[in-house]
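*Asks:* I'd like to ask you about the structure that follows.
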Amino acid sequence: MTSIREKLVLIGNGMAGVGTIEQILKLGGAYDITVFGSEPHPNYNRIMLSYVLEGSKTVDDIILNDWSWYKDNGITLHTGTTVARIDGDKRQVITENGLTVDYDKVIIATGSNSFILPIPGSGREGVVGFRDIADCEAMLEAAKQYGKAAVIGGGLLGLEAAKGLVNLGMDVTVVHLMEDLMERQLDHTAASMLKAELERQGVKFAMGKQTVELTGDERVSGLRFIDGTELEAQFVVMAVGIKPNVSVAKASGIEVNRGIVVNDYLQTSLADVYSVGECTEHRGVCYGLVAPLFEQGTVLAKHLCGVETKPYEGSVVSTKLKISGVDVFSAGEFIDTPEHTVISAKDDWKRTYKKILLRDNIIVGAVLFGDVTESGSLQKLVKQGAVMTDDIYADVMGTGCCGGGGAKKTASVESMSDEEIVCGCNGVTKKAIVDAITDNGFTTVDEIKACTGATRSCGGCKPVVEQILQYVLGDGFEQSAKTGICSCTTLSRDEIVAQIRAKGLTTTKEVMNVLGWKQEEGCSKCRPAVNYYLGMIYPDTHEDEKESRFVNERMSANIQKDGTFTVVPRMYGGVTTPEDLKRIADVSIKYDVKVVKVTGGQRLDLIGIKKEDVPKVWEELDMPSGYAYAKSLRTVKTCVGSQFCRFGTQDSMSMGALLERKYERLDFPAKFKMAVNGCPRNCAESCTKDIGIVGNDGGWEVFIGGNGGIKPRIADSFCKVKTDEELVGICSAVMQYYRETGNYLERTSEWVERIGLEHIKTAILDNEEERKALAHRIDFALTQVQDPWKKMLIDGATRSALFEATEIR
Ligand SMILES: Cc1cc2nc3c(=O)[nH]c(=O)nc-3n(C[C@H](O)[C@H](O)[C@H](O)COP(=O)(O)OP(=O)(O)OC[C@H]3O[C@@H](n4cnc5c(N)ncnc54)[C@H](O)[C@@H]3O)c2cc1C
Ligand code: SF4
């Protein structure tokens, strides 16, 4: 005899609803489940839309439950189908296209819609919200066709959209009504730091502006503000907020306020109808982040499966902003009033800020900017309403604003309590992760993700989950973490390098043959990597394989989107002469250079040179290549230093030029940038360079691992030295150590994070012999390099093959 299962219908195939169904399945809930979703996709991770927009993930990458998941769990799925209403009398769910399904229980999880400002012109073509895959696709399309975009709204969503559009090459202005960004999560200091950081990354801002009209004909052409000023934009993203989607509930006669009103067991006013997610209003609050929605889902799933559960009593919301490269966190109260005791620390050099608010000595809120290492502990303390003690103070403030580097991070995993929440979005504790590893023998983050849900939503906790994995597995971790450098091989970078050395392999072909590559010829990922490793191991004998290099490196110039090239000659330490400038001007006029651009690295970029003219330009410039296309030393940025500046304590210009001359032309795993400053005022911005050098009264301080690119990172202080000679010795050792241990394409910012600052310090600073040996090896490699432009000019065959006949792909 088969038992009759109750029919459960989910309206809304999004994160909260499907999250609840997953919990029900885990608890063994015996339901026949039907899911309706308006979108044509299976359940996907909405949070990751920003990554789809910036191009680092595809739609397929962000699918949480693929089609087979529904099938395997016996769930009937109707995508592209919108539910119109619930008939409580007939106990049926009715769709807009006339489908009728009986139910015993219903969950409404219809999420929110983007709030579109009701102003003239908001219906014009080119105006979108930022909510779903369709919006994302519209943005990707717009970026191909139009130049200027405006994002209305300076909250989390607006900033993510703006950053995505900037990455797509658009000129983007964020228009915000208030004077501070994210004013509902950040205080004035953190908001100002965030704005400055995003400006650095290319986002423009129009603050304190109220948009009253979107101008244009059929398509939007601009914004008009209440003060009469205007802004040009052929594409507008409205990110001014969300509106709980209550239409099904309203049409079904269910009590609705701002959202669908529920009790502490998520029950609506209609019997057997529940609501979770952003469409839901609990005790007067509608939430807009996933963590509270999953907490609701957990209570509802238990309730529907007859498992005893505490009621849902609301959530403490914390925000960890994940705009690429900007670390911001806020939890609980964040604006200080006279009632608060404020603990704060701001570091303008590292661009970090930490603030903790106490009321009657109870921790009621926190804001972090630039370093969010303490976010997990602070979130817990705020949630618990913990009393501030000396120990807690030392724990959360002991490191100042800037965290304590890698060593502290690992130690903090060890000292975390079992109940500490690691994945805030999915409420996964350290114990749940440790148990998953020990009970199931897991060795990868993906396995932990599938079992516990940790890292599945915003992904911000992945580094901590990795550290727990490392902590539990000990030596076994490295074994398990090994993955091939690409799909052609299962060998890691270290194994390949070791095998090249051990077996004396000398060409990429030989490496691939002997080491059993699955694909004989390799691929575009492994070929340049192996070519680099060979060059690094055999600087004197390795014959560089041009065909294994990326096109810009093959051509020794950067190809532009219109097929022309850019040429960037060296200007050592950013210093030039009237004679060189005259030559650049003459050549630019003669070869009809479209634009001469001063680069961020303090030199000149000659843009728009025809392919056939490139060698002639090199010849007539008669200057060294600036390597603007290469995985090599790009620039050494300098300030004016003690030669001219009244604050300068060291001669930064001379030192910068010396370093640039010494290390130019050598291959590195990735591009490499340096800066030298005459004093700690740091005008040449050492903090974002691979090696940043700052002069002081007694000598120099060296910083490593900085990056100002797509994933900015502030450099770590490495050491202080007294003499110029010592400084060069340290630079040589760091560069060669990076050359020898870095993964191909890995910037020093990632390298330092991966192998650990302390480890690099031990290898270089605590071991004079090794430091000298590294310096000796880089000096030897440097004797082998040659200027590529000069080389190409005397190599007639390559020159004509590349610049006269070859089609570039
Ligand atoms: C770009 C972006 C970035 C974000 N970043 C973060 C972040 O960093 N951290 C964080 O915590 N949160 C973030 N969020 C918010 C988070 O994604 C939402 O809180 C979460 O997705 C809400 O889940 P939900 O299930 O309530 O709604 P949704 O995920 O919106 O799902 C609702 C689904 O129901 C469907 N639907 C609606 N009406 C009907 C109907 N009548 N019939 C059938 N189907 C219907 C909708 O089409 C939708 O697919 C972000 C959101 C966006 C858009
Ligand atoms: S960093 Fe110091 S020395 Fe260099 S320009 Fe700025 S103030 Fe002058």
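Glycine is no exception: its Cβ is also placed from the backbone N, Cα and C atoms.
According to TrEMBL, the protein carries these features:
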- C639, C645, C679, C683: [4Fe-4S] cluster binding site (BINDING)
- C683: siroheme binding site (BINDING)
- 7-280: domain 'FAD/NAD(P)-binding' (DOMAIN)
- 318-385: domain 'NADH-rubredoxin oxidoreductase C-terminal' (DOMAIN)
- 421-470: domain 'BFD-like [2Fe-2S]-binding' (DOMAIN)
- 485-534: domain 'BFD-like [2Fe-2S]-binding' (DOMAIN)
- 559-622: domain 'Nitrite/Sulfite reductase ferredoxin-like' (DOMAIN)
- 630-767: domain 'Nitrite/sulphite reductase 4Fe-4S' (DOMAIN)
*Asks:* Could you please provide the mean pLDDT value for the domain 'BFD-like [2Fe-2S]-binding' (421-470)?
*Replies:* 83
*Asks:* Using DSSP, how many residues in the domain 'Nitrite/sulphite reductase 4Fe-4S' (630-767) fall into helix, strand and coil?
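*Replies:* Across the domain 'Nitrite/sulphite reductase 4Fe-4S' (630-767), DSSP assigns the residues as follows: 53 helix, 34 strand, 51 coil.
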*Asks:* Non-local Cβ contacts of C683 ([4Fe-4S] cluster binding site) (under 8 Å, 6 or more apart, same chain)?
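*Replies:* For C683 ([4Fe-4S] cluster binding site), the qualifying residues are C639, V640, N677.
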*Asks:* Can you list, in sequence order, the residues of the same chain other than C639, C645, C679, C683 whose CB lies within 8 Å of the CB centroid of the [4Fe-4S] cluster site?
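*Replies:* Nearby residues not in the site list: V640, G641, F647, G648, S652, N677, G678, R681, N682, A684.
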*Asks:* At least three Cβ pairs under 8 Å linking the domain 'BFD-like [2Fe-2S]-binding' (421-470) and the domain 'NADH-rubredoxin oxidoreductase C-terminal' (318-385), pairs spaced 6 or more in sequence?
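*Replies:* Yes; at least 3 Cβ pairs under 8 Å.
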*Asks:* Within 10 Å of the Cβ of C679 ([4Fe-4S] cluster binding site), how many other Cβ atoms can you find? Include all protein chains, please.
*Replies:* 20
*Asks:* Given the binding-site residues C639, C645, which one's Cβ is surrounded by the fewest other Cβ atoms within 10 Å?
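*Replies:* Ranked by other Cβ atoms within 10 Å, the binding-site residues C639, C645 bottom out at C645.
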*Asks:* In the domain 'NADH-rubredoxin oxidoreductase C-terminal' (318-385), how many residues does DSSP assign to helix, to strand and to coil?
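*Replies:* Counting residues by DSSP class gives 10 helix, 32 strand, 26 coil.
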